[in-house]
Amino acid sequence: MTRPPLVRGIFSLGLSVAVLKGVEKTVRKHLERQGWIEPQKVDYELIFTIDRLKNLVDNKREALTAEQPDAGELSWRKVFNFISRQSSELDTRIYVLILLLSFLLPIAWTVLDGDRETTLEDKDNDCNVDLIENERRLKHYNDGERAVLQFGKNRSEPIILSYKDMNVLEGEHEFTSKEEHSNSHLTSKSENALNQVGSEDLLGCHLEKQLEEDKNEPNGEADGEDDNNREKDCSSSSEVESQSKCRKESTAEPDSLSRDTRTTSSLKSSTSFPISFKGSIDLKSLNQPSSLLHIQVSPTKSSNLDAQVNTEQAYSQPFRY
């Protein structure tokens, strides 16, 4: 396949050569009369007389044609004769100008067409470069930034990789901090009370074990020690009564403490700090320093109903709708 500019150049060159040959054939006689193609001996007087005679003949012909009405119809032969007659009377400078235009116009056409094609190719290359840069911009986020962008964040906004409650205002934030401080004070009081109850229950269990050991002792003692045993029994009975009173008080105190813990848990649930007690309260585990209350912080999720998810956000990391 040949290139289109080459075909156009060959066509324009052939056309210009054909025009040149035709012009040369039609104006050969006129050039000989004007002296462009000079013979070996030129008679200038004869040439001038011929021109004068020709002009006289032409003037007479025009006068005759003007007097006679044009009764004949227009035909292609008359048109061709008129064009040939007018072309034979043209100046040689007009012929030279026509030849130059026939050579230069095709060349200018090919040059301008080539510049247009290069501009279109440059525009296509610029568009491709812009698309590649946009694709690179879409892929420069890491995992943490993509996770933040999944929850309705725009790229124009600053990316915050740490948690920040966007729905709470500054005044509300101060109020919630005060409530958290008061709730922590209440939880510390309830923990101290539970520790005291646990210590009292441990003392009661220790005394019960001592009484059981006293009851299981052998009965092969002397009769003289019966009085002492009776006195011991009396003292032990008084101790048992005091222990039963302590137990009643201890049972009353956990009820009040359970109410306190309920109130504190309700306050904590309102401020999204729930205390999860599974089953009954294990006092021994509470007395140990390693066992602490498991406080689970549940941040408020921002509900953005107008958020839109694109393909990058959808395929970056799995998330919940």
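Positions of Cβ are set from backbone N, Cα and C atoms, glycine also.
The model shown is predicted, which means the values in this text are computed figures rather than measured ones.
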What Swiss-Prot calls phosphoserine, among S84, S156, S272, S316, is S156
Of S162, S199, S276, S290, the residue that Swiss-Prot annotates as phosphoserine is S199
The region 'TSC13-binding' (73-125) resolves under DSSP into 47 helix, 0 strand, 6 coil
